[in-house]
Amino acid sequence: MAPELKTEVNIISKVIQGDLESLPPQVREFIESNAKLCQPESIHICDGSEEENKKILDIMVEQGMIKKLSKYENCWLALTNPRDVARIESKTVIITQEQRDTIPIPKTGSSQLGRWMSEEDFEKAFNTRFPGCMQGRTMYVIPFSMGPIGSPLAKIGIELTDSPYVVASMRMMTRMGTAALKALGNGEFVKCLHSVGCPLPLKEPLINNWPCNPELTLIAHLPDRREIISFGSGYGGNSLLGKKCFALRIASRIAKEEGWLAEHMLILGITNPEGEKKYFAAAFPSACGKTNLAMMNPSRPGWKIECVGDDIAWMKFDELGNLRAINPENGFFGVAPGTSIKTNPNAIKTIFKNTIFTNVAETSDGGVYWEGIDEPLPPGVTLTSWKNKDWTPDNGEPCAHPNSRFCTPASQCPIMDPAWESPEGVPIEGIIFGGRRPAGVPLVYEAFNWQHGVFIGAAMRSEATAAAEHKGKIIMHDPFAMRPFFGYNFGKYLAHWLSMAHRPAAKLPRIFHVNWFRKDSQGKFLWPGYGENSRVLEWMFNRIQGKASAKSTAIGYIPADTALNLKGLEDINLTELFNISKEFWEKEVEEIKQYFEGQVNADLPYEIERELLALEMRIKQL
């Protein structure tokens, strides 16, 4: 007979899988107190097995939450409520006693570097949402490891959720189940609580059989208590709490305390024709090609690129002073639109088995489709859009949601690095920052030193497709590509990065900035991008080896005249690609100054202020 969990309100939650008695006391207490609060009908402790996964998928099919894609092996399609399609920054908060622990106090207006909520306001919000929120549903207990199980850099979390979609996705995105629980023992874990906020019986029918509660959505982080509490959204970024919530917001705070870095960065290995290998980490804002770079097929003969991770890096200096990085994830949660054989052949080779697609279009022959897939539809095959309606190009709107996703196991990617799961991590020798800058910013430049490199990360800006009320594109500040993900005050984060230079024996990686997106006066890209970006990586590789020459400019080192290998490329206008215009950079300096003064204000480290002044002086002398 399954053990029953008695609660004060006499709601009984049956344990339908697993054994509460055998769990570590602090895990059991976490489950019991939340079961008492949320009142699920049953409790399922996940073991991560293949058999369990089949059961979870069957439950979702039965609920109409996913459907099988007959064209591929073990692939599924979920269509969400159109109001639950992305991360929601306005509803993502961090709770600390003091506002300044979370964000710098801006000079005027509100902070763009995070959202703080007071403990009192959070308590009220929590109490209006969670009591009874899982009635009629199963509470799944998901023990998971961020990072290879047993790695000294890994951390354990436990997520309680009432969404089977979260269970199936977390099984791909993390190392989930019994092994994670064993690794935890009686240790510390990050407590993650998630509910879609739709107790049964429903008050109103679901849209697309997708439970969510957009009015009451809230994603809250309590770094002092190592807790994440998410309500009302089933979408990945808000519900797969190991991803941005834990691996960036909570982890960046843990990293500050423990002396390491948790960053929004891909990790790749690059090997030259002589068989020498180096690892790079790279931070780009969303939609600037992180996944494409991490999985690139280099155009340069004899060069090889392998992928360690496409989104998040945890990096710590070892005893020898090497900066060691792990990918804390176990899968890819990638944006589907724009993914094609041309833009990312290795992603295409990864995603057509054991994958959950969300909000892409479906073909009448049981396949998937999206903008930029670059595959003509076979004759007679029709499309159903992500809104579950018949679709033709005349509809005037995209067939797949612009933020539609694939969730797929990393182990299926044909170019995973042999060391991608190595417990000690891979040694990072170069860090790359980048953004989408149509004007003014050269293809590549190198920082003069670590401090200058930290300044470059802090000053990152990138073109964003603005919300509907703006016409055209705007250039947004996105420092370190972490703007939506800082777990604590950005000024203190900069100080933490700067402090790495004072570590005894630290071998500091070189820092670079790239811009694949510069355009000419006709609006055409000046650089072909994709596999040709390997030429830029080749220059960086050779710089680290002390082999490639560079010339010093006002903004950093750029490749000397013949240092960038352009063999086999036609019509590359190097002059325009590397032009550093005084007028442009004067405006850029002014923009950065306003941003630092307005947003980071009193918390801006003086070293960063000094770097800005030095840049201003160098620009004046152009």
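The backbone N, Cα and C atoms fix where each Cβ goes, glycine too.
If you check Swiss-Prot, you get these features:
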ACT_SITE  CYS288  active site
BINDING   ARG87, TYR235, GLY236, GLY237, SER286, ASN403, SER404, ARG405  substrate binding site
BINDING   LYS244, HIS264, ASP311  Mn(2+) binding site
BINDING   ALA287, CYS288, GLY289, LYS290, THR291, ASN292, ARG405, ARG436, TYR530, GLY531, GLU532, ASN533  GTP binding site
MOD_RES   SER90  phosphoserine
REGION    457-487  region 'Omega-loop'
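Taking the Cα atom of each, GLU532 (GTP binding site) and TYR235 (substrate binding site) are about 34 angstrom apart.
Per-residue pLDDT, averaged over the region 'Omega-loop' (457-487), rounds to 84. Calculated from their C-alpha atoms, the gap between ARG405 (substrate binding site) and THR291 (GTP binding site) amounts to 13 Å. The highest number of surrounding Cβ atoms within 10 Å, among the binding-site residues TYR235, TYR530, is found at TYR235. With a 10 A radius on its CB, the residue listed as 'phosphoserine' counts 7 other CB atoms from all the protein chains.
Comparing Cα positions, TYR530 (GTP binding site) lies closest to SER286 out of the binding-site residues GLY237, LYS244, SER286, SER404. Cα of the residue listed as 'phosphoserine' to Cα of SER404 (substrate binding site): a distance of 20 Å. Around SER286 (substrate binding site), the same-chain residues at least 6 positions away in sequence with a Cβ under 8 Å from its Cβ are VAL335, ALA481. Counting only residues at least six positions away in the same chain, the Cβ atoms of SER169, LYS243, PHE333, THR358, ARG405, CYS407 sit under 8 Å from the Cβ of GLY236 (substrate binding site). Counting every protein chain shown, the number of other Cβ atoms lying within 10 Å of the Cβ of ALA287 (GTP binding site) is 16. Cβ neighbour density within 10 Å is lowest for GLU532 among the binding-site residues ASP311, GLU532.
Listed in sequence order, the residues LYS243, ALA247, LEU248, ILE312, PHE485 complete the 8 Å Cβ shell around the Mn(2+) site centroid, once LYS244, HIS264, ASP311 themselves are left out.
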